[in-house]
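See below for the structure under consideration.
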Amino acid sequence: MLAARLVCLRTLPSRVFHPAFTKASPVVKNSITKNQWLLTPSREYATKTRIGIRRGRTGQELKEAALEPSMEKIFKIDQMGRWFVAGGAAVGLGALCYYGLGLSNEIGAIEKAVIWPQYVKDRIHSTYMYLAGSIGLTALSAIAISRTPVLMNFMMRGSWVTIGVTFAAMVGAGMLVRSIPYDQSPGPKHLAWLLHSGVMGAVVAPLTILGGPLLIRAAWYTAGIVGGLSTVAMCAPSEKFLNMGAPLGVGLGLVFVSSLGSMFLPPTTVAGATLYSVAMYGGLVLFSMFLLYDTQKVIKRAEVSPMYGVQKYDPINSMLSIYMDTLNIFMRVATMLATGGNRKK
């Protein structure tokens, strides 16, 4: 499941930002290309209209319709995706009000925090401290790579070599940091943690082409989303979202396939724009739900892990899922802000 999240994270900049310089984005209206499509007559449908032939579409026609550039259809697909995100935001806001105001009859984690032992509070505190540290190190790594032309050019290529190398680095760094025990080898564990954050910074580095002001806005929006959803997870019943594992796995598979499929289809086609919207907007809602799930999972793990057990509580491993959710949300919010701004021009 973690590998699928990495693919969803890695394919986003390679598919959205790099091709933006070579071909139109599905939501950025290129006036020259648009006028060319609008002014070029479709001989096939014009001929069929003149001779009055009415018959069902064949498989070839359906394929051509899916791969045909149509800015009007692409715009509608993008709008549907944005409305889907807006609906998810409304549901999240309603859940925040419902659980935050104490309207639920069940006891949430925030009520249980009063009777938590001190070691449970320390575990959760250290987990979120490492999360904040990972985000800060990732930002510093992204800035450093953006100011290194050789590394930045490599990350911006979007070739299969670049994707393969970065994906291998992400998986390798993730496996390394998870495999080292926190209590027995604190030094190597923290070095692996630094390496993992640096590698993820390289993945985020292509976002710097969007500019500092937009990324700061995206960071604030992401902080609001993460803070609001974390509050919902804390106020909701302690196992309310832990039962969403199977549906979230299905949704992750759908976003995973859409992310891979969007790499092979041009974003200016109906099929490519549909896959892009599923990976972008569906992914934003999906990883927001994952954040609810992972937050309650961290709390549950901090509560049930024995203090003197054989396997000690690992705050670094515990925060990795929330960290990946946060990065996926941030990259999609930044992309939505960028494409939304370009669409208004």
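Cβ coordinates come from backbone N, Cα and C, glycine included.
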Membrane-side pairing of TYR119 with ILE329, Swiss-Prot annotation: yes
Whether the transmembrane segment (191-211) meets the transmembrane segment (245-265): three or more C-beta pairs under 8 angstroms: no
